[in-house]
Amino acid sequence: MSETQSWSSVLIALLAREDLSVADASWAMRQVMTGEATDAQIAAFLIALRAKGETVDEIVGFRDAVLDHAVGLPVNSMALDIVGTGGDRFGTVNISTTAAIVAAGAGVPVIKHGNRAASSSSGSSDVLAALGIDLTLPPERVAEVLRATGITFAFASAFHPGFANAAAVRSQLGVPTVFNILGPLCNPARPEASAVGVAPLDRVPLIVGVFQTRGATALVFRGDDGLDELSTTGHSHVWEVSRGLVTEHDIDPRDLGLPTAQIEDLLGKDAAHNAAVVRAVLAGQEGPVRDIVVLNAAAGLVSYELAADPSRVQEPILDRFRSHMAVAAEAIDSGAAVSKLEEWVAATR
């Protein structure tokens with residue numbers, strides 16, 4: 001690509017199937033975030049990029065630009081995000097959202113970052129609204145809620161106003177774009193620990209690579225069934241990222257004492273139904289949904305512990321999961337998780 005950054009040089013490079021540098025990728029995304037790019041330029045950029053195939057350096061540049069233009073969310077302590085990319089097309093209940101509440105009930109500060117539905121029957125924002133949480137809070141109130149309760153929700157559209165500049169184009173294109181990858185990587189609080197479920201297998205190296213390049217701590221995972229969660233229907237693959245190193249693991253839920261579930265056991269409906277499922281699980285209802293929630297809450301706790309003490313990576317991952325599954329289960333059975341939800345609802349009112 002030429003030394004002078006312009007849409008012409010960016011598009012010529014992409015059409016020639018040349019990868020962009022971090023700096024050039026960041027320049028292009030800044031044009032989108034600031035509203036300087038036209039709809040035609042955005043559409044050409046997104047399609048040419050998708051046709052070529054994104055690289056880790058490009059995603060790093062895009063992420064840096066998005067976060068540079070995000071509304072800040074100051075945090076005074078270590079925090080965790082539990083999120084899924086969506087796109088698995090199963091329409092499950094809100095597993096990562098429920099797991100986030102359980103993790104907060106276990107005492108870990110959680111900053112959930114999300115948007116409208118992608119693969120669940122209702123997205124994290126939809127089900128949280130149905131649970132009674134006010135999602136229209138200004139950014140400073142979002143931070144206050146975290147300090148008061150230990151959990152909060154950063155609505156992507158509120159903290160990334162620049163996303164709106166590409167919204168119409170994305171809707172008209174109707175195909176997945178780089179923005180589908182960026183969501184889980186752009187929590188405005190920049191939490192130290194992440195647990196990220198990824199549905200498309202070809203997206204895993206990109207997301208893992210971004211965490212690795214930036215020296216972040218994360219557990220990235222997908223079910224062999226295609227879920228963007230740690231699955232209980234069969235094996236899951238886990239990529240553990242810490243201090244620039246990646247360790248791969250295979251997780252069989254049976255090794256953790258969990259019975260094998262059927263995907264039908266995990267399917268959701270609309271936001272009201274899914275909110276009722278969340279409340280039932282937090283109230284102690286047993287069954288397949290509780291099992292998968294406990295497993296995914298444990299993933300968040302494992303990541304948070306690893307961020308605090310990177311030497312934990314040397315310990316067997318199944319041992320770490322067993323330990324944190326017990327913590328997650330206790331958060332439910334003691335009533336701490338459902339109490340955390342009620343605290344959260346009250347704090348947003």
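Glycine too: its Cβ is placed from the backbone N, Cα and C atoms.
Copied from Swiss-Prot, the annotated features are:
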BINDING   G84, 87-88, T92, 94-97, 112-120, S124  5-phospho-alpha-D-ribose 1-diphosphate binding site
BINDING   G84, N115  anthranilate 1 binding site
BINDING   S96, E229  Mg(2+) 1 binding site
BINDING   R170  anthranilate 2 binding site
BINDING   D228, E229  Mg(2+) 2 binding site
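Cβ-based crowding with a 10 Å cutoff singles out H113 as the top-ranked of the binding-site residues H113, R170. The DSSP secondary structure for T92 (5-phospho-alpha-D-ribose 1-diphosphate binding site) is strand.
A Cα-Cα distance of 16 Å separates H113 (5-phospho-alpha-D-ribose 1-diphosphate binding site) from D228 (Mg(2+) 2 binding site). Taking CA atoms as the reference points, N115 (anthranilate 1 binding site) and T92 (5-phospho-alpha-D-ribose 1-diphosphate binding site) are 16 Å apart. Its Cβ placed at the centre, D228 (Mg(2+) 2 binding site) has 28 other Cβ atoms within 10 Å. Most buried of the binding-site residues T92, N115, judged by other Cβ atoms within 10 Å, is T92.
Checked against D228 (Mg(2+) 2 binding site), the binding-site residues G84, T92, S96, R170 differ in C-alpha distance, with G84 being the nearest.
Each residue contributes its Cα atom, and for E229 (Mg(2+) 1 binding site) and R170 (anthranilate 2 binding site) those atoms are 25 Å apart. Within 10 Å of the C-beta of E229 (Mg(2+) 1 binding site) there are 30 other C-beta atoms, taking all protein chains into account. Neighbour counts were taken at the CB atom with a 10 A radius for the binding-site residues G84, S96; the maximum falls on G84. Annotation note: H113 (5-phospho-alpha-D-ribose 1-diphosphate binding site) sits in a strand segment as assigned by DSSP.
When the Cα of the residue listed as 'anthranilate 2 binding site' is compared against those of the binding-site residues G84, T92, S96, the shortest separation belongs to G84.
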